[in-house]
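Below is one structure, written out as structure tokens; the observations come after it.
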Amino acid sequence: LLSPLVADAEMLGTPDPELAATMGFSGFGKKARTFDLEAMFEQTRRTAVERSRKVLEAREREKEDQTEKEFRIPCTDSSASASSATRAGPTLPEREAVYSESEDNSNEALSGPSMQSQSSAKGPAEDTDDDDDEEFIGPPLPPGFKDSDDDNDNDDTEEEDNNPVKKIPDSHEITLQHGTKTVSALGLDPSGARLITGGYDYDVKFWDFAGMDASLQAFRSLQPCECHQIKSLQYSSTGDVILVVSGNSQAKVLDRDGFPVMECIKGDQYIVDMTNTKGHTAMLNSGCWHPKIKEEFLTCSNDGTVRTWDVNNEKKHKSVFKPRSVQGKRVIPTTCTYSRDGKLIAAGCQDGSIQIWDRNMSVHTKFHCRQAHASGTDTSCLTFSYDGTVLASRGGDDTLKIWDIRQFKKPLNSADGLPSFFPMTDCCFSPDDKILVTGTSVKKGGGSGKLFFFYRETFQKLYEIEVTDASVVRCLWHPKLNQIMVGTGNGLAKVYYDPVKSQRGAKLCVVKTKRKERQAETLTQDYIITPHALPMFREPRQRSTRKQLEKDRLDPMKSHKPEPPVAGAGRGGRVGTHGVTLSSYIVKNIALDKTDDSNPREAILRHAKEAEENPYWVAPAYAK
């Protein structure tokens, strides 16, 4: 195999050493080492044959010992013993013949590397005999018998299928401190590597699970929409851009690192027909990405429209959908979403209706439910199931309902008594589509906000988690990570996970220890760049921070070194410890330590006897 390479190397000869160094071929002129592959294979075969021979010899010895033990058993009948001897006589040579044959075969054919492979290469009958000798004592197991471990595993899986509560990953949790105000938006990228949180404090924070340690700090914080509350955050289907919907009328798109990509145009608020304006003219309520087309997204606003946009065209919307009330009047959409295949657009409106359009036909609704929720309440969330047949709606009338859009007159199931004070309270489906999750709101000091889990088929309440002593606003169950993210009313983002059932995500950062802050880092002085300053005022450019740190450590002013005690006569405005003047003597005596370290009770009672005999202060006053 290597001989052509060797020949090439010899033909090339030794090049100029300078050229070789330049090209990076430092060992160019050396002769390549040759390998005799046939000799190597022959050596390997011999060692394999030798090993297999040793194994066979050891087994033969064992068999002989066993037969000797059989012969030693005392027999009462001599004829029986004689016959047994005659019977046993031919077996030995037969066995020896078999083994010599197998040994010859092994010399010819066996070239395996180890004893293990040799033993696995035995015939099936021989294998079972040996296994029986080594492992099983007693009669063979019945054919229908299974190992207890297998049974346990099967039982566990069956139990998990029967009991969906077992699938909820809530055994562990981590808490990310977003701020002090409500976390009103949560977004996870499709791979589950990064989480973004947005809140009423106008901040958007970026959390990287793989980059975080146990201190759980966000790696970036920014205010993309100045002084507007963040309503919704969502990564696109590819995870490369983020849609930011805030309290103003213009949605923004940021890249993964938080830098702006595009901003929607603001519409003309003096035009009555909203179809003729290029963008929204009032506060946004919600928004989301198209599940299949990565450049398209959807927004809804208080101007009474739902609009689709293209990331590459910020000057004008793509299409406009106008929800209408029973009387045909304008009605405000409070939430909007795409179906899983992206063909339908659904909006929940303030008159309690849910209206669904075909994405390509913006005039008339395809499905319509007039009284889905109580009129005058904000429907805070609409979400389609993963199979695309069912729509869940979270109403401002404290209900959670589930609908089959093909029979849209009445809900399949409904749960009430779930208070919601926020216009963005979420609901979401579990990755297996069997459980529906939502959070509840509480007034300050009115108990704990909870996360409720409902079985999709029967709407029976399966489980609840007490999250914190504030409202639960956002919830998100990521299908890849199998972890549940929760945004709360007191500025926390909690992540629930199970070390066994969950993947990556929070598991990555909890195992990393906190990075110790180096003492020297606190001493660094910021370097001020002044290119146009005069040479005498210009600071020398720092070559290395470490050298600068070492210099600063030696400088007593920069490292805040305490002043040593003054020895001899005083200097620099400080008095010497042993001065010769009267004033220094007085100062020395004033500064003497006169603290009494004895028991204070004894110190007071020392004067008790004297106070009794010769009262001076207290007793005469009370006597009068």
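Each residue, glycine too, has its Cβ placed from N, Cα and C.
In TrEMBL, annotation is done automatically, which means it is predicted and not curated.
What TrEMBL says about this protein:
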type	residues	note
COMPBIAS	47-72	compositional bias 'Basic and acidic residues'
COMPBIAS	107-121	compositional bias 'Polar residues'
COMPBIAS	126-136	compositional bias 'Acidic residues'
COMPBIAS	148-162	compositional bias 'Acidic residues'
COMPBIAS	163-172	compositional bias 'Basic and acidic residues'
COMPBIAS	540-563	compositional bias 'Basic and acidic residues'
REGION	47-172	region 'Disordered'
REGION	540-574	region 'Disordered'
REPEAT	176-208	repeat 'WD'
REPEAT	277-319	repeat 'WD'
REPEAT	338-358	repeat 'WD'
REPEAT	372-406	repeat 'WD'
Counts of helix, strand and coil residues, the repeat 'WD' (372-406), according to DSSP: 0 helix, 14 strand, 21 coil
Cβ contacts under 8 Å made by the compositional bias 'Basic and acidic residues' (163-172) with residues that lie 6+ beyond its boundaries: 430, 432, 434-435, 453, 455, 462-463, 465, 482-484, 496-499, 501-502, 506, 510
Sequence-remote partners of the repeat 'WD' (372-406) [C-beta within less than 8 Å, at least six residues beyond its ends]: 334-341, 344, 346-354, 356, 412-420, 422-429, 431, 433, 436, 438, 454, 456, 459, 479
Secondary structure composition of the compositional bias 'Basic and acidic residues' (163-172) [DSSP: H/G/I, E/B, coil]: 4 helix, 1 strand, 5 coil
Chain residues in Cβ proximity to the repeat 'WD' (176-208) (below 8 Å; excluding those fewer than six residues from its ends, i.e. six or more beyond): 216, 218-235, 237-239, 242, 244-246, 256-258, 422, 424, 471, 473-476, 478, 480-481, 483, 485, 487-495, 503-505
Secondary structure tally of the compositional bias 'Basic and acidic residues' (47-72) (DSSP, helix then strand then coil): 26 helix, 0 strand, 0 coil
Structural state census, the repeat 'WD' (338-358) (DSSP three-state): 0 helix, 12 strand, 9 coil
